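Novice: This structure is in structure tokens; I'll ask about it shortly.
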Amino acid sequence: MCNSVRTALAASNCCSIVLCCVLLLTLTLTVAVTAQHNQADETCETLPSEIHLIKEEYDELGRLYRTCNGDVTVNKCEGKCNSQVQPSVITATGFLKECYCCRESFLRERQLQLTHCYDPDGVRMTDHESATMEIRLKEPVDCKCFKCGEMVR
């Protein structure tokens, strides 16, 4: 009777070990397959965006000289990037996080003209020098998914 109990326990332990190995192998394969960054359904892109700009200009004494404004079309980055969290025996939290963000990969500087300029009393300026204001701004030329927190050069 003791031998049959030992045989049953040994078989039970053997099955448990095999089951654990199968589960571990399945988990490892699942993690390995999902660990690859899938770019197929990412939609990060450069899109035009209409914005309203207001720029104030002051004289050398710090007094408001003029306020200029205008509606301009500039590029923006928009879309979704794939991120994931997966179990990990290496990290302290027990999870490995891979976060990706849609952001600019290259910027360019543009010169724009604001064509509606007003003096401090709100009267539209008409003389050629004061009626318009040239400004510079940077906008994205291209956008892509970057690891969150990663600096763009």
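From the backbone N, Cα and C atoms, a Cβ is placed for every residue, glycine too.
For reference, Swiss-Prot lists these features for the protein:
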type: DISULFID; residues: Cys44-Cys102; note: disulfide bond
type: DISULFID; residues: Cys68-Cys117; note: disulfide bond
type: DISULFID; residues: Cys77-Cys143; note: disulfide bond
type: DISULFID; residues: Cys81-Cys145; note: disulfide bond
type: DISULFID; residues: Cys99-Cys148; note: disulfide bond
type: DOMAIN; residues: 44-139; note: domain 'CTCK'
type: SIGNAL; residues: 1-35; note: signal peptide
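Locate each feature and note its surroundings.
Specialist: According to its DSSP assignment, Cys102 (disulfide bond) is in a strand.
Secondary structure at Cys117 (disulfide bond), as computed by DSSP, is strand. Cβ neighbour count for Cys117 (disulfide bond) (all protein chains, 10 Å cutoff from its Cβ): 22.
Sequence-distant neighbours of Cys143 (disulfide bond) (same chain, 6+ apart, CB under 8 A from its CB) are Cys44, Glu45, Thr46, Cys77, Glu78, Gly79, Cys102, Arg103, Glu104, Ser105.
In the three-state DSSP reading, Cys81 (disulfide bond) counts as coil.
In this structure, Cys148 (disulfide bond) belongs to neither helix nor strand by DSSP; it is coil. Contacts of Cys148 (disulfide bond) defined by a Cβ separation under 8 A and a same-chain sequence distance of 6+ are given as Ser83, Cys99, Tyr100, Cys101, in order along the sequence.
The average pLDDT for the domain 'CTCK' (44-139) in the predicted structure is 94.
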Novice: Got a sec? Which of these disulfide-bonded residues, Cys81, Cys99, has the most Cβ atoms within 10 Å?
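Specialist: Compared across Cys81, Cys99, the most Cβ atoms within 10 Å surround Cys81.
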